[in-house]
């Protein structure tokens with residue numbers, strides 16, 4: 001007799017206008033199994049998981065857990081059934097603290113008023129112990145101590161450098177991703193859905209997470225692990241299901257297939273895992289930053305006396321652990337953040353603390369780390385997003401009128417050239433309709449189409465599939481060949497080494513180390529990224545000169 005799978009999804013169908021996202025998909029997950037879910041962006045993975053989490057209702061098909069058929073009309077239904085989910089796109093409230101976001105929606109018991117408690121200590125004993133007062137405390141969080149201690153312990157346990165009392169808006173993308181992971185770890189679940197959970201984690205942090213997942217599965221928790229990183233599939237996944245164009249291509253044991261096999265299942269063709277970086281002689285400097293210092297959104301110094309020179313036809317890779325000043329450096333170079341000291345020139349023109357528009361007009365293009373928040377307008381059409389920085393150009397109209405025919409043709413050309421999928425009509429499809437990888441390709445297409453002198457790319461391949469990664473990396477190297485200076489910020493060390501001509505390591509807002517791909521030592525770079533290099537102080541003193549003169 002065949003044992004009933006812990007989770008069974010049968011013949012799941014979900015269609016949106018113009019596209020069938022899930023076409024009769026079957027998925028089974030065993031108890032205590034880490035089950036991988038692979039597929040290109042737009043293959044239907046997120047849609048399938050949103051159905052399982054009650055965010056979407058399937059058009060057809062059935063879902064059962066432990067043999068019991070489920071009706072999931074809302075996330076609360078899923079939570080009540082013991083299903084938790086970490087979303088790829090953040091679902092946080094910026095004005096709340098980390099701890100408040102983690103416990104949001106939890107039915108926390110009220111903390112009784114105590115004579116020695118800060119909250120309610122001034123009330124008489126009869127009032128503090130009154131059942132009605134305690135009930136109101138539970139309903140309205142009166143006197144409720146937010147369980148920050150447990151959340152902080154979780155954060156420390158998994159190596160998350162995060163203050164759980166900080167407001168979410170004060171955090172960078174990497175730290176916000178960790179809050180999402182904490183939200184899932186905080187709850188006891190039978191089935192945990194992880195949608196790209198390690199996208200912004202360091203290898204060490206990812207290893208800690210993997211250890212925790214294995215402990216969870218030892219306790220009988222089942223995990224669906226959505227990832228684009230094939231090495232993660234090999235490391236932690238027991239079986240993997242591959243989706244392509246909304247259909248189930250197959251389910252295989254990871255021990256029976258190679259990375260190349262999985263990649264070919266995902267995209268339907270052989271995928272190249274290395275890039276051909278042809279030799280290009282760097283030209284004149286296009287960017288010079290001298291003794292640049294800047295503060296973060298909280299007014300705390302994030303950059304300290306950074307020197308950086310980028311030449312035409314050169315890719316300068318910036319490596320570092322999230323939260324060490326990379327975000328602020330990218331925004332300074334793109335004109336989105338003012339400097340507190342130092343100067344910045346582009347093609348010899350002083351742009352220190354100039355407006356973002358001035359940077360754009362002087363040939364600076366920018367791919368931000370958060371494509372949804374800073375790189376696009378989700379409610380606007382693909383057409384509008386494709387020309388977002390260029391409405392002033394004569395080809396798109398004159399005065400207060402716009403040539404929508406030209407705008408449409410421009411967007412369609414970019415969609416075709418960069419293989420942006422899921423767009424049947426650029427005037428109807430919105431940026432918010434696109435999957436992460438396709439939105440990233442649209443943003444990169446927009447920035448490159450401006451023929452920039454300097455391209456600043458911050459985490460350009462974060463959270464995208466192997467096929468999209470291949471095309472994005474090729475596009476960056478094409479810009480290098482055409483004489484564009486490129487600043488590449490990435491937490492993917494292999495990407496930095498493969499694409500860069502020079503590599504700088506940033507730690508606590510300073511450039512502490514410089515090397516080349518030919519001389520790169522991954523262990524040394526990793527140590528420098530965490531401040532553990534034996535010669536960090538010496539290297540820092542030397543490199544502050546090297547970064548500006550190489």
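A Cβ is built for glycine as well, from the same backbone N, Cα and C atoms used for every other residue.
The domain 'ABC transporter 1' annotation in Swiss-Prot covers 7-270.
Taken from Swiss-Prot, the feature ATP binding site covers 39, 40, 41, 42, 43, 44, 45, 46. Residue 46 (ATP binding site) counts 23 other C-beta atoms within 10 Å of its own C-beta, drawing on all protein chains shown.
Here the domain 'ABC transporter 2' (287-533) has a mean pLDDT of 92 out of 100. According to Swiss-Prot, the feature domain 'ABC transporter 2' maps to 287-533, an assignment based on sequence analysis.
Look at Swiss-Prot and you will find 529-550 tagged as region 'Disordered'.
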Chain-mates of 39, 40, 41, 42, 43, 44, 45, 46 with C-beta within 8 Å of site centroid, ATP: 47, 243, 435, 465
Secondary structure of residue 42 (ATP binding site) (DSSP, helix/strand/coil): coil
Number of other Cβ atoms within 10 Å of the Cβ of residue 44 (ATP binding site) across all protein chains: 26
Set of same-chain residues at least 6 away whose C-beta sits under 8 angstroms from residue 41 (ATP binding site): 421, 435, 436, 437, 438, 464, 465, 468
